[in-house]
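Just below is one structure, and these are the notes that go with it.
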Ligand SMILES: O=c1[nH]c(=O)n([C@H]2C[C@H](O)[C@@H](COP(=O)(O)O)O2)cc1CO
């Protein structure tokens, strides 16, 4: 074999290696990109009552291992049922809260509907009844977003027929669960998402 032919073979092998490396990097970047940029909208009661806020926090922490939670504030213990910091907390906390004035309410509504549109999946804790959460879920059904509603039968409450009755077993799912099952229920949901 002439040295020119050998040189040609070596450079085409090098080209192929470079190409393979590029493709691998591209695939890796894409999978990381998909994971990091998944946008999750979490719904939980605010003005409907804050009894379950510690559970919201646990859910949001788990959700953050799957992507960006657009509504992290819903799980903040510094946000009261009035949507602002408790008076006793105002002196010490830096959280400015959600402004409950009429202009503030319009801002919250428009921002949240916009976040709902942007989101890839919606997870809602629906045990504590909340008009806002019910409204968000109604909008979400229209937007055809993949949605998981979590309800705790141990609360002795009966979930609204307008939520349970919307379960289609695929896109909009209502899941009964217990507090100690948060991790496994979310793992099940996100693993199934990966397969679709
Ligand atoms: O201050 C707020 N910020 C906010 O993001 N929300 C959204 C997110 C929650 O999933 C839902 C709670 O509704 P409600 O406050 O009616 O319980 O509405 C609601 C409020 C107050 O109504």
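Here the Cβ of each residue, glycine as well, is placed from N, Cα and C on the backbone.
Caution: TrEMBL annotation is automatic and unverified by curators.
Lifted from TrEMBL, the feature list:
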REGION    1-22  region 'Disordered'
COMPBIAS  13-22  compositional bias 'Basic and acidic residues'
BINDING   41, 42, 43, 44, 45, 46, 47, 56, 136, 160, 161, 162  substrate binding site
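In this structure, 161 is the one among the binding-site residues 43, 161 with the smallest number of other Cβ atoms inside 10 Å of its Cβ. Residue 45 (substrate binding site) falls outside any helix or strand according to DSSP and counts as coil. Contact annotation for binding-site residues (41, 43, 47) versus ligand 1: 43, 47, each with CB under 6 Å from a ligand atom. If you take the C-beta of residue 45 (substrate binding site) and look for same-chain residues 6 or more apart in sequence within under 8 angstroms, you find 51, 52, 125, 128, 129, 130, 132, 133. Secondary structure at residue 161 (substrate binding site), as computed by DSSP, is helix.
In the three-state DSSP scheme, residue 136 (substrate binding site) falls into the helix class.
Most other Cβ atoms within 10 A: among the binding-site residues 47, 136, that distinction falls to 136.
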